[in-house]
Amino acid sequence: MLWPALRSVLFQLDPERVHHLAHWALHRVPPALARARRPAPVPALAVRCMGLDFDGPMGLAAGFDKGDVALPGLFGLGFSHVEIGTITPRPQPGNDRPRLFRLPEHRALLNRMGFNNEGMEACARRLAALPAAARLGPVGINVGKNKATPNEDAASDYLACIERLHPYADYLVVNISSPNTPGLRQLQEREALDRLLRACVRHLAERAPGKPLLVKLAPDLSPEALDEAVDVAIAAGAAGIVATNTTLSRAGVERHPRAAEAGGLSGAPLERLATEVVRRCYARAAGRVPIVGVGGVMDAEGAYAKIRAGATLVQAYTGLIYGGPGFVGRVNAGLARLLERDGFSTLSDAVGADHRQGGGKAAG
């Protein structure tokens, strides 16, 4: 009950200032304390995916830790995996402030951060200095291109990040779907996507055979474009699909004073759209690669909806902002109850249940 009171105080402050305060605190959590305070894993929620073991489905989405590497503190919150990034080859400040806005009435955030980060060298140094005990689960690294790099040269940026960062990642994600870097989403088009992913997959395979490389897609693609992107990604050798990024849609928040701000919307208003994208990606992939469901996961029911729609793993960011330090523990406890309610002995049994006749009781 303490979190709602603390949140009301923090929400009086600038969102980026609060973000930096949170990182400051998380950085100071020693690995031993993180391990001791971490919520106990629920055996039924364990997942093996892409050759990696996850003690539950709930991970931290890219965007929260942009290379500051506060891994012990983040794993201490209960996340099964943490995705760092987006990281670019060269440091860049991102877009002008203000660039992060809360929409508390809608449990949402609106951001136009623009891949602000200190670059791949700083990220690599921090990860190299991290003790092995700080890694309490798989660590992903989400990579992107610098704003100044034209799309025709984008592959060089992604390859540079893969080259420098792959030794520190359990998996990598090619981010071509942020709405806050001009022209970036054009890389989701068939020919550009095929060229980029084939180059990235080949480069990683030569340096770390078997290490998974995924691609993160936007929720705003047409159904036909989404099907095409999934087909191209799988044909190019991607190990999975991350669905989805933030949306340009303002459905559900049209009347909010911040609705006219540029940027991507995340949180509860994105939940239904993102789940439908997961559903379509799962159907199109037809078991060839796993789907990581992201977007509007604010509670156990939202996470479960994505799992039943086809997500093997689920990630959250905005849900943590609104749900506080106990967020992951509550989601995992709720997922265990929902699995039991629907007669599933393991989480893996529930993945894609909505696509199967007799796949357990109806969600909700």
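Keep in mind that glycine also has a Cβ here, set from the backbone N, Cα and C atoms.
For reference, Swiss-Prot has these:
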type: ACT_SITE; residues: Ser178; note: active site, nucleophile
type: BINDING; residues: Ala62, Gly63, Phe64, Asp65, Lys66, Thr86, Asn142, Asn175, Lys216, Thr244, Gly267, Gly296, Tyr317, Thr318; note: FMN binding site
type: BINDING; residues: Lys66, Asn111, Arg112, Met113, Gly114, Phe115, Asn175, Asn180, Asn245, Thr246; note: substrate binding site
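Shown here: features listed in Swiss-Prot, placed on the structure.
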residue : record                   : Cβ contacts under 8 Å, 6 or more apart
Ala62   : FMN binding site         : Glu83, Ile84, Gly85, Thr86, Gly140, Asn142, Val173, Asn175, Lys216, Tyr317
Phe64   : FMN binding site         : His19, Leu74, Tyr317, Leu320
Arg112  : substrate binding site   : Asn95, Arg99, Leu100, Pro179, Asn180, Glu261, Ala262, Gly263, Gly264
Gly114  : substrate binding site   : Gln92, Gly94, Asn95, Arg99, Lys147, Asn180, Thr181
Ser178  : active site, nucleophile : Thr86, Phe115, Gly144, Leu184, Arg185, Asn245, Thr246, Gly264
8 Å Cβ shell about Lys66, Asn111, Arg112, Met113, Gly114, Phe115, Asn175, Asn180, Asn245, Thr246 centroid, substrate site members excluded: Gly63, Thr86, Gly94, Ser178, Pro179, Thr181, Gly263, Gly264
Binding-site residues compared (Lys66, Lys216) - highest count of Cβ atoms within 10 Å: Lys216
Long-range Cβ environment of Gly267 (FMN binding site), under 8 Å and at least 6 residues apart: Leu103, His106, Arg107, Ala108, Leu109, Gly296, Met298, Thr318, Gly319, Tyr322
Maximal Cα-Cα distance (Å) across residues annotated as binding FMN, namely Ala62, Gly63, Phe64, Asp65, Lys66, Thr86, Asn142, Asn175, Lys216, Thr244, Gly267, Gly296, Tyr317, Thr318: 20
Largest separation between Cα atoms (Å) of residues that the record links to substrate, namely Lys66, Asn111, Arg112, Met113, Gly114, Phe115, Asn175, Asn180, Asn245, Thr246: 16
